[in-house]
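One structure is given below, encoded as structure tokens.
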Amino acid sequence: MAHRFPALTPEQKKELSEIAQRIVANGKGILAADESVGTMGNRLQRIKVENTEENRRQFRELLFSVDNSISQSIGGVILFHETLYQKDSQGNLFRNVLKEKGIVVGIKLDQGGAPLAGTNKETTIQGLDGLSERCAQYKKDGVDFGKWRAVLRIADQCPSSLAIQENANALARYASICQQNGLVPIVEPEVLPDGDHDLEHCQYVSEKVLAAVYKALNDHHVYLEGTLLKPNMVTAGHACTKKYTPEQVAMATVTALHRTVPAAVPGICFLSGGMSEEDATLNLNAINRCPLPRPWKLSFSYGRALQASALAAWGGKAANKKATQEAFMKRAMANCQAAQGQYVHTGSSGAAATQSLFTASYTY
């Protein structure tokens, strides 16, 4: 039976589907450069660089001004509001620099967490008020996709059914509003890696969360072909004493996705969740070699796992431009190969690439 009140026109659906497919075509993934001022400050502090708007702009200019060949591995970049309106040293808006490289521009749309009363420190996400107006303005300003991060954690009686349902509905409402305004919604339900839970526990919780999210997306008439999913990989908690291989992570992850994510979704772009750069690449490669049906493109949407080596190479010094850009390009290409199951670990990664990037209760 045809839906009596269609949410989108055929033209809107076509545009959304084409944008989503462009982002994940041929092993391409997403650079998440949407860190808030505070989060970026924590990163700069580690390399002893002051957290000023100019220093944030300079580092992002290094990432965005790399050789045009970056478009072979990066299909989209998520920006923070500040960055969307910043310019490079020649006076060109960053968003135009990216578009000229054939990269799709995205924006962070959620406004952080708010406590869910009556739960064990669980949260829901703020930002739905005024979202339609913000999306409309961002579309005019050249943005083609959005991102909304909901956070769930594994702990005593967590995640509760209330937290799962509340966050699933917020994600679905956001996705619907995005699509009405011509933006592809990246749906990000993150099960945090904090805790000592094992792989099986994370898989169980991830399946419950994803099932609720896709039920909510269906209830809200979201056009799945015009969305992307940004989930956590299924991993053991950071404090778990048992260690798992990339192949075990891959099997648990693809099994969870296979049970919950419709084949209509064009791409699944994993978050790195505080893994080292190298671990994030190895796990993604194993996922794309997993001997289970994989009807979606399985790619990456990494922040720390694409930037850590580059940030360490930069150190706040303009003279380190070449080394910074080479470090970023190397990680981007490695993840593009992993998104096609073709990455070969050479063992020649620098210290920054193998260092854990985990931060407890991580917030953007």
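Glycine too: its Cβ is placed from the backbone N, Cα and C atoms.
Worth saying up front: this structure is predicted, and the values here are computed from it rather than measured.
Database features, via Swiss-Prot:
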- Ala2: N-acetylalanine (MOD_RES)
- Lys13: N6-succinyllysine (MOD_RES)
- Ser36: phosphoserine (MOD_RES)
- Thr39: phosphothreonine (MOD_RES)
- Arg43, Ser272, Gly273, Gly274, Arg304: beta-D-fructose 1,6-bisphosphate binding site (BINDING)
- Ser89: phosphoserine (MOD_RES)
- Thr119: phosphothreonine (MOD_RES)
- Ser132: phosphoserine (MOD_RES)
- Glu188: active site, proton acceptor (ACT_SITE)
- Ser206: phosphoserine (MOD_RES)
- Lys230: active site, schiff-base intermediate with dihydroxyacetone-P (ACT_SITE)
- Ser299: phosphoserine (MOD_RES)
- Ser301: phosphoserine (MOD_RES)
- Ser309: phosphoserine (MOD_RES)
- Lys317: N6-succinyllysine (MOD_RES)
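Projection of Swiss-Prot feature records onto the structure.
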residue	record	DSSP class
Ser36	phosphoserine	coil
Ser89	phosphoserine	coil
Ser132	phosphoserine	helix
Glu188	active site, proton acceptor	strand
Ser272	beta-D-fructose 1,6-bisphosphate binding site	coil
Ser301	phosphoserine	strand
Ser309	phosphoserine	helix
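Taking the Cβ of Arg304 (beta-D-fructose 1,6-bisphosphate binding site) as centre and 10 Å as the limit, one finds 24 other Cβ atoms among all the protein chains shown. When Cβ neighbours within 10 Å are tallied across all protein chains shown, the highest count among the recorded positions Thr39, Thr119, Ser272, Ser299 belongs to Ser299.
When other Cβ atoms within 10 Å of the Cβ of Ser132 (phosphoserine) are tallied across all protein chains shown, the result is 14. Put simply, Ser132 (phosphoserine) is 18 Å from Lys13 (N6-succinyllysine) when counted between their Cα atoms. Proximity note: of the listed modified residues (Ser132, Ser206, Ser301, Ser309), Ser301 have a CA within 10 Å of the CA of Ser272 (beta-D-fructose 1,6-bisphosphate binding site), given in sequence order. In the three-state DSSP classification, Ser206 (phosphoserine) falls within a helix. Using a 10 Å Cα-Cα cut-off from Ser301 (phosphoserine), the recorded positions that qualify among Thr39, Thr119, Lys230 are Lys230.
Ranked by Cα separation from Lys230 (active site, schiff-base intermediate with dihydroxyacetone-P), the recorded positions Arg43, Gly274, Ser299, Lys317 are led by Ser299.
Taking Cα separation as the measure, the residue listed as 'active site, proton acceptor' is nearest to Arg304 of the recorded positions Arg43, Thr119, Arg304, Ser309.
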